[in-house]
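Pulled from Swiss-Prot, these are the features on record:
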- 1-22: signal peptide (SIGNAL)
- 23-49: topological domain 'Extracellular' (TOPO_DOM)
- 50-70: transmembrane segment (TRANSMEM)
- 71-86: topological domain 'Cytoplasmic' (TOPO_DOM)
- 87-107: transmembrane segment (TRANSMEM)
- 108-129: topological domain 'Extracellular' (TOPO_DOM)
- 130-150: transmembrane segment (TRANSMEM)
- 151-248: topological domain 'Cytoplasmic' (TOPO_DOM)
- 249-269: transmembrane segment (TRANSMEM)
- 270-280: topological domain 'Extracellular' (TOPO_DOM)
- 281-301: transmembrane segment (TRANSMEM)
- 302-311: topological domain 'Cytoplasmic' (TOPO_DOM)
- 312-332: transmembrane segment (TRANSMEM)
- 333-343: topological domain 'Extracellular' (TOPO_DOM)
- 344-364: transmembrane segment (TRANSMEM)
- 365-383: topological domain 'Cytoplasmic' (TOPO_DOM)
- 384-404: transmembrane segment (TRANSMEM)
Amino acid sequence: MESSSSSSYIPFIRQIAASVSAASCDAVVGGGGDKDEECRDEAAALRLKMVAVAAILIAGAAGVAIPLVGRRRRGGGGGGGGGASSGGLFVLAKAFAAGVILATGFVHMLHDAEHALSNPCLPHSPWRRFPFPGFVAMLAALATLVVDFVGTHFYERKHRQEEAAAAAEEAAAALLEDGGALPVGDGEGRDGRGGKRDAMHIVGIHAHAAAHRHSHAHVHGACHGGAVNDAHAHGHGHGHEEGPSARHVVVSQILELGIVSHSVIIGLSLGVSQSPCTIKPLVAALSFHQFFEGFALGGCISEAQLKNFSAFLMAFFFAITTPAGITVGAAVASFYNPNSPRALVVEGILDSMSAGILIYMALVDLIAADFLSRKMSCNPRLQVGSYIALFLGAMAMAALALWA
């Protein structure tokens, strides 16, 4: 039984390999290509591509920069009331961005993957015998879960070690200043009997345990008057509150991977087109698309509290990916055939992977993490505003599917 089932997979895999290595099939696509041929104008298309590169670059850079600059100004500002209001505004903006990412995965990426892998240029078997887009998206979502877990565990352990070392050094320095309970004689830590190193270790353990207990008691308190006592939680639990930034680092990096992988395909598809009729509506649609995605990514990067150079690097790579794809597409347009089976399979697989990554990130790391948090449940006004922002973001991005 097992040998017969395993042997049935072999022809299936051979069919996939044979279909990818097949020749181009422009004749099959003739029904949809006539309009493009009538509107074909390489000079006008090249001018529009240059406009698209500039517009998409500016839109993407602006989208990713707004949350980064806003978060930095909020962090640098000294006002207490302004910080609270801008904090609520940031939560609303993040909810809007989560809706954008969710719609990108479901409405744009899955649809594009289905369109590529059901193209008439690909043989019916195996590409229409099995739902490859959904299957690859599922595998990508599961792989993202594993990477999310492993990455978060790694960053949190590293952060705890750094925190414990810093607490031990501070406590030991304080005791030395007070002339307290450390042996002065042979205290260089060479022998393991009550030297400075052992004292620092013991002090560090006690300091960390006390801070952990103190922070736990205040951060997880009940709602007071419909909202969490943020000032109290922040004042006494600051050391413990820094922990989530490790998770935000992983979230921002995985989200960038999902966005960048499909941005390359989008840019390449626009770059190889020689039809102004196709390119013209895409310029505005992709500019809005890039702005919304940049806004979502910028919010995650700012929450990760990365160093300025790391944040700039992530924002820079996001902003240039689609314009770079357009440039490469324009350069290879004379000999690249987007209807070749190999190009269609690569596009469909990458779009499916991007869909799985973005759907997982939107539902698990953006929507569930914020909408099920105590801060949200203790603030009904913030709850209502966040749901409205979430639906607005999803609807705005879904509407772009009419043009993009």
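Backbone N, Cα and C define each Cβ position, glycine as well.
Long-range contacts of the transmembrane segment (312-332) within the same chain, counting only residues at least 6 positions beyond its ends with a Cβ under 8 Å from a Cβ of the stretch, are 46, 49, 52-53, 56-57, 60-61, 64-65, 68, 252-253, 256, 259-260, 263-273, 286, 290, 293-294, 297-298, 301, 306. Tallying C-beta pairs under 8 angstroms between the transmembrane segment (249-269) and each of 50-70, 130-150, 281-301, 384-404 places 281-301 first. Most Cβ pairs under 8 Å to the transmembrane segment (344-364), among the stretches 50-70, 130-150, 281-301, 384-404, belong to 130-150.
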